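Peer 1: According to Swiss-Prot:
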type	residues	note
DOMAIN	30-294	domain 'CoA carboxyltransferase N-terminal'
BINDING	Cys34, Cys37, Cys53, Cys56	Zn(2+) binding site
ZN_FING	34-56	zinc finger
Amino acid sequence: MLGDLFTKPKKRKYATIPSDGTKADVPEGIMTKCPECKKIMYTKELQKNLMVCNYCGFHHPIGAKARIDMLVDEGSFEEIDASLTTANPLGFEDYMDRIEKDKQKSGLNEAIVTGHATIDGNPLVIAVMDSRFRMASMGSVVGEKIFRAVEDADKTNKPFVIFTASGGARMQEGMLSLMQMAKTSAAFKRFSNHGGLIITVMTHPTTGGVSASFASLGDYNFAEPGALIGFAGRRVIEQTVREELPEDFQTSEFLLKHGQLDDCISRLDLQNKLSFILSIHVKTPEVGGEADGE
């Protein structure tokens, strides 16, 4: 009996089943990995949360039309100037090929979508830049669409809300691209002089000529958390000033801390915030007559 305690355990036998070489296919896009916290989540759950990570709050990129759908009242959006597209004014080699690829990738004709809509019944003109199209760089068409949208807001006496996301001026259009900085800024100024309300919401990334022109000209200047906002790149600035910059330099949190933003708002709270601001700025007719449309 004692000998049984010291007997060697019997080895288990395992059978090897040959593989046929095939792998179970997981449908593409069903899961998304957060680049910030590295957690993996169902894409549908991420979309339900407005593309904001459930674990760390990272704001994933979102297309222009998807952003409009999540903000405005259902069925209220009426797009304007949707057919405008660049004509390659400088004859830049392969520029139109790149434009066509971006059209197919994004489903847009240009890097911005503009139109009329309502948020909780409050009317507005809205413009949303889309970084999938030439990194939302500002060329002549982008500048023209912003200009026309602001003019529409002025004529219809509606607030103007713009979401920025851009790599800057579009180099393939040269000076015509740079001219849009002055053109859009002048339109903002004229609208402001007429008493119009402008709200800018800077998203990741808002850089270059866009950040240096209309992006910060709103009556309210907001940003999404973690957005990169600045003119020149971090490395260029460090080499110029010969100083090491803070870790959070050029982030929306850094700008808020230094008084360059009015607020840093989560995408989850943005609709309520905009609705409240629009509601308190509604222009009502004056007693005994209509309000001055100028």
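Placed from the backbone N, Cα and C atoms, the Cβ positions cover glycine too.
Keep in mind it's a predicted model, so treat the numbers as computed, not measured.
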Peer 1: Sequence-remote contacts (6 or more beyond its ends) of the zinc finger (34-56), Cβ cut-off under 8 Å?
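Peer 2: Result: 62, 66, 70, 226, 266-268.
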Peer 1: Would you count the other CB atoms within 10 A of the CB of Cys37 (Zn(2+) binding site), including those on all shown protein chains?
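Peer 2: Excluding its own Cβ, the number within 10 Å is 14.
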Peer 1: If you count the C-beta atoms lying within 10 Å of each candidate's C-beta, which of the binding-site residues Cys34, Cys53, Cys56 ends up with the smallest number?
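Peer 2: Candidates: the binding-site residues Cys34, Cys53, Cys56. Fewest Cβ atoms within 10 Å: Cys56.
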Peer 1: Could you check what DSSP calls Cys56 (Zn(2+) binding site) once collapsed to helix, strand or coil?
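Peer 2: Going by the DSSP assignment, Cys56 (Zn(2+) binding site) belongs to neither helix nor strand, so it counts as coil.
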Peer 1: Beyond the listed site residues Cys34, Cys37, Cys53, Cys56, identify every same-chain residue whose Cβ lies within 8 Å of the center of their Cβ atoms for the Zn(2+) site.
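Peer 2: After dropping the recorded site residues, what remains is Pro35, Glu36, Lys38, Lys39, Asn54, Tyr55, Gly57, Phe58.
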Peer 1: Check the domain 'CoA carboxyltransferase N-terminal' (30-294) for me and report the mean pLDDT.
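Peer 2: On average, pLDDT over the domain 'CoA carboxyltransferase N-terminal' (30-294) sits at 93.
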